[in-house]
């Protein structure tokens, strides 16, 4: 019998096994990192062969279940990241997943049903391969020894890597060991979750750190500062910036009271990094979570302000996330479950407290986070049809505008000011199932271009700057802008809003979802353009 005939006979008998190996290999080569591919493939094949030789069906299924589910989940995550963002999964995505609350995860899963189907298909495929006991395959002893050799070699290599890391950093990290070992297994993406868990522990260790600042405090004539952080807001969908639909009538009605930033850009296209960049001393080029304690809340506290953090983004995992490490420093924190308007009663209560004391009140909105159709009450919809994604997104913008109008109404008779900006923008591609989505690798300008303005109460008169700023200004410098806005600065910082803007305008460096730094100006304007700025075939017409 020729080699070809032997192979054909083997393929006919074990075609599901061959198919699963091919699917596993191609998926990991295309949508995941190719690192340690030989070890991962051997681990996958040998595990299947070992399990198939377990004679007891209940025991075989018990052993197979975690392997099958983890492998299918890992591959589905890789496919999601590659197909949606054009990049492999990484620790930044893992951090975002770990910092998402269950409600948000459930909503997002509903949007990405193809990847749930991929998970189900892969699980069934691998289970179909494993479920049949097959005596024609090599014995458990042979495959078990080979699998043990692969695991031992991988563990030894991971230990070597962790030892070198510990030697360089003078500290051993079990997360580094776990992360490295995962790269040799079919569960490659677990390495990113191990790194995210390491970041979580680092955040826990520094969250309670309160630095002492040498502060310069000046009287701005303002007693109440309301900082509103929007979520996933596109400038291109706001009539304030020229959009054809009237999505921002309340803000436009206040145009004479507003200092508008026409070219504000976010430092990153996802919340877990963009918000800390905006509210702390962290920076695009020198990202380090040890910068997080140097934040606007700690500065305001030391300056004698009463501080509040009111959020409609779930309190799930309140400790150990980037945003909550800042929020927890506020004197009062409130998390509501529901639509953004539920924050308004808490804002009213905060305004009534200690009326003689200066206040910084932060409202962290759910805004236009995907899925936008769930971001507002259906009774608030003004654009139809309500199941159209563009209408839903525009309704979410209109809903936020309505909330801003109510905030202005609460503050119009006070010596108050409101700063509003969005954490990041969103991409738009009408050819995709989910038209709006976060920026990924080498995101377009739309993922970064955000709305930003400062509203001043009419009570403050004409002594404040309401001119329009047309230069690029990165929200990565908003901590300095907010400090100057409050009149609470460090000696080495620009002291006034004008000084901050003059000093940092034009700095257009941004980081993408792959942690690579780009010049915003050089990015394609829209997602549907290629990297040279030409419309793609799908984006034409």
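Just so you know, glycine gets a Cβ as well, placed from its N, Cα and C.
Taken from Swiss-Prot, the feature topological domain 'Periplasmic' covers 1-60 (among others). Restricting the average to the topological domain 'Periplasmic' (1-60) gives a pLDDT of 82.
What Swiss-Prot records for 82-110 (among others) is topological domain 'Cytoplasmic', and it gives sequence analysis as the kind of evidence.
Here Swiss-Prot flags 132-141 (among others) as topological domain 'Periplasmic', drawing on sequence analysis. Helix first, then strand, then coil: DSSP counts for the topological domain 'Periplasmic' (132-141) stand at 2 helix, 0 strand, 8 coil.
Taken from Swiss-Prot, the feature topological domain 'Cytoplasmic' applies to 163-264 (among others).
Sequence annotations record features per position, and here Swiss-Prot assigns topological domain 'Periplasmic' to 286-541 (among others).
Under the heading transmembrane segment, Swiss-Prot lists 61-81 (among others).
Residues or ranges marked as transmembrane segment in Swiss-Prot (evidence: sequence analysis): 111-131 (among others).
Under the heading transmembrane segment, Swiss-Prot lists 142-162 (among others), citing sequence analysis as support.
The transmembrane segment annotation in Swiss-Prot covers 265-285 (among others) and is backed by sequence analysis. Proximity of distant same-chain residues to the transmembrane segment (265-285), defined by a Cβ-Cβ separation under 8 Å and at least 6 residues beyond the stretch ends, is recorded for 92, 95-96, 99, 229, 231, 291-297, 321-323, 326, 364, 421-425, 438-440, 443, 445, 447-450, 472-476, 478-479, 482, 508-513, 517, 520.
Residues 13-14, 49-50, 52-55, 57, 60 of the same chain sit 6 or more residues outside the topological domain 'Periplasmic' (132-141) yet have a Cβ under 8 Å from a Cβ within it. The list of residues near the transmembrane segment (111-131) in space but at least 6 beyond its ends in sequence, with Cβ under 8 angstroms from a Cβ of it, reads 16-17, 19-20, 23, 48, 51-52, 57, 60-61, 64, 67-69, 71-73, 75-77, 79-80, 84, 370-371, 433-434.
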